[in-house]
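Asks: Pulled the feature table from Swiss-Prot, pasting it below:
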- ARG40, ARG46: NADP(+) binding site (BINDING)
- ARG137, SER138, SER139, GLY308, LYS323, PRO324, LEU325, PRO326, THR327, ARG349: FMN binding site (BINDING)
Amino acid sequence: MLRFLTAGESHGPGLTIIVEGIPADLPLLAEDIDRDLARRQVGFGRGGRMSIETDRVTFRGGVRLGRTIGSPIAMTLENRDFKNWEVPMSVSPVDLDDEAVRAQLEAKRITRLRPGHADYPGAVKYGLADVRNILERSSARETASRVAAGAIAKQLLRQFNVHVHSHVVEIGGVGAGESVRPALPTFEEWKDLFERVDQNDLRCHPDLYERLRSRVVEAAKGGYTLGGAVELAAYGEIPVGLGSHVHYDRRIDGLLAGAAMSVHTVKAVEVGIGTAAARETGADVQDEFINAAGEIARTSNHAGGIEGGMTNGQPVLLRAYLKPLPTMRKALRSIDLVSREPFEAHYERSDTCAVPAGGVVCEAMMAIVLAQELQRKLGGDSLGEMLRHAGRTHA
């Protein structure tokens, strides 16, 4: 079954991604992955690094002649900024007798703790006096690896007409509580929504764009950051019964929520109407069954496509809430890890708003969980075998 591992630091030579368990004979090109990597880098309010890095994946194994071969897929992403960090991020020991080398190391040493980051707990956990080693791995640069792995999961899901996408629904409180889509979108309506969303740099419905953009501009001028919310949707031919009710760790809502919560800055996740269900009566939040020309159908999708820990055939809907980035031009109060002296927190290059990019990363994690559960249900070592088990003759 699909699993993945990533390695690499934010300012190191690059990122390495290994994806295991993908069936043989899945069509896969670098462009399939680069497309999502580019979507991750889009976003009004992104910082300077997006002008430095243009991510292009390189396959190192597991793919031959444009198709997977059943072995682990190895990929790398280059960090173009590494040329400016070769000494402080050197893998090999450096000459500490060289004054210039010592100066470069000292310039990149961080002891001033940044509130809201992994700095303090990481330094304590690993016994470090320099937070650089924590910052490098906890950086959101790592999410490029997840997007690469998720793009492969999406490609597998597409063979079964399952599609995963996201759109920004709120930034800095603007858009909260509004609905920009039909209550029960058709496949074509979902497709049209996401085509329109990907045409702007906030990855939101056009009706929200100007208001969200103005909010980001306001924050950039004020030197502060903004969070927001994204809706995640898996739509198409969603199989009934992904996940299970039999154990806590097999319930797909828990798996999906956990995957989304693992994304940097995500602080809350809702399934379906989420917290709104707590304010309604039982009769108001259930999705009633109807007979639609002999087919079982529903009058609503308040459950977000999940009942009893299993998919029920409707679109799977989640909403992820992302906090404002903790790194700001307006420094926060902190202390020095070593001296305990008060300081203004260290400023590392950052974004004003990373919510659009966060949606793409959450998509990747959602796709990985759905692909894992699809494999668990269907089995098979090749795409053809999986398709046969699903009763399909072709993708």
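Note: Cβ is positioned from N, Cα and C throughout, glycine not excepted.
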Asks: Just counting, how many other CB atoms are there within 10 A of the CB of SER139 (FMN binding site)?
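Replies: Around the Cβ of SER139 (FMN binding site), 17 other Cβ atoms lie within 10 Å.
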Asks: What number of additional C-beta atoms lies within 10 angstroms of the C-beta atom of THR327 (FMN binding site)?
Replies: 20
Asks: Highest Cβ count within 10 Å among the binding-site residues ARG40, ARG137, LYS323: which residue is it?
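Replies: That would be ARG40, with the most Cβ atoms nearby.
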Asks: Taking the Cβ of LEU325 (FMN binding site) as the centre, count every other Cβ atom within 10 Å, in any protein chain shown.
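Replies: There are 24 of them.
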Asks: Going by C-alpha positions, which of the binding-site residues (ARG137, SER139, THR327) is nearest ARG40 (NADP(+) binding site)?
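Replies: Closest recorded candidate to ARG40 (NADP(+) binding site) by Cα: SER139.
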